[in-house]
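Visitor: My questions will all concern the structure given below.
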């Protein structure tokens, strides 16, 4: 039972039909699966399984210059219930995809241009166990995996732009940027809590929080 239960949460649920094209209009839907209404199969077309735009950079992901173009259930409704998504990330020189987690999916990354320093940090699942960092410098053609839910990052350590494609075993894996979650939550976490957690003066916490307000991210 333990094995079966753990496997059932490894990724998005296994679909019970060939496809369930996501649709926002419940009046034109056929059935509700995985939080999205399914488009009536008789109205599904090839365009529901198609998107474009991953040949160019996308929208700003963070204030550090990284951009992202997505092929997930929001942009490709045919992905609904299939448990996969694909993204393109562009990294200007010295830009950072800050430490973050993807709570609903494991990630595999391939570099197609430039050079990235990437890594993830393990959880502390046993007494006296320290968080371990696994990191690597990647070049074009190199592949790296980030396990689901673990904090990970990518930094462009080259002098030129870097491009990577990442795939996840979730139609919408989510993203939880650690700095933003701690210092830019709404409502904000008490600076008393953050000051004690980081063992710094509250003025330091207030300063960090002000930086997120000024960046508007």
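Including glycine, each Cβ sits where the backbone N, Cα and C put it.
Straight from TrEMBL, here's the annotation block:
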{"type": "BINDING", "residues": "97, 107", "note": "oxalate binding site"}
{"type": "BINDING", "residues": "100, 107, 152", "note": "Mn(2+) binding site"}
{"type": "DISULFID", "residues": "20-38", "note": "disulfide bond"}
{"type": "DOMAIN", "residues": "52-206", "note": "domain 'Cupin type-1'"}
Visitor: Near residue 152 (Mn(2+) binding site), which recorded positions out of 20, 38, 97 have their CA within 10 Å?
Guide: 97
Visitor: Spatially, which candidate from the recorded positions 20, 38, 107 is nearest to residue 100 (Mn(2+) binding site), comparing Cα atoms?
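Guide: For residue 100 (Mn(2+) binding site), the spatially nearest of the recorded positions is 107.
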Visitor: As a test of reading the model: what is the averaged pLDDT for the domain 'Cupin type-1' (52-206)?
Guide: 94
Visitor: Determine, for the Mn(2+) site, the additional residues of the same chain whose CB lies within 8 Å of the mean position of the CB atoms of 100, 107, 152; present them in sequence order.
Guide: 97, 101, 102, 120, 146, 150, 151, 153, 154, 175
Visitor: What Cα-Cα separation, expressed in whole Å, is found between residue 97 (oxalate binding site) and residue 38 (disulfide bond)?
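Guide: Residue 97 (oxalate binding site) to residue 38 (disulfide bond), Cα-Cα distance: 34 Å.
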Visitor: Could you round the CA separation between residue 107 (oxalate binding site) and residue 20 (disulfide bond) to a whole angstrom and send it over?
Guide: 23
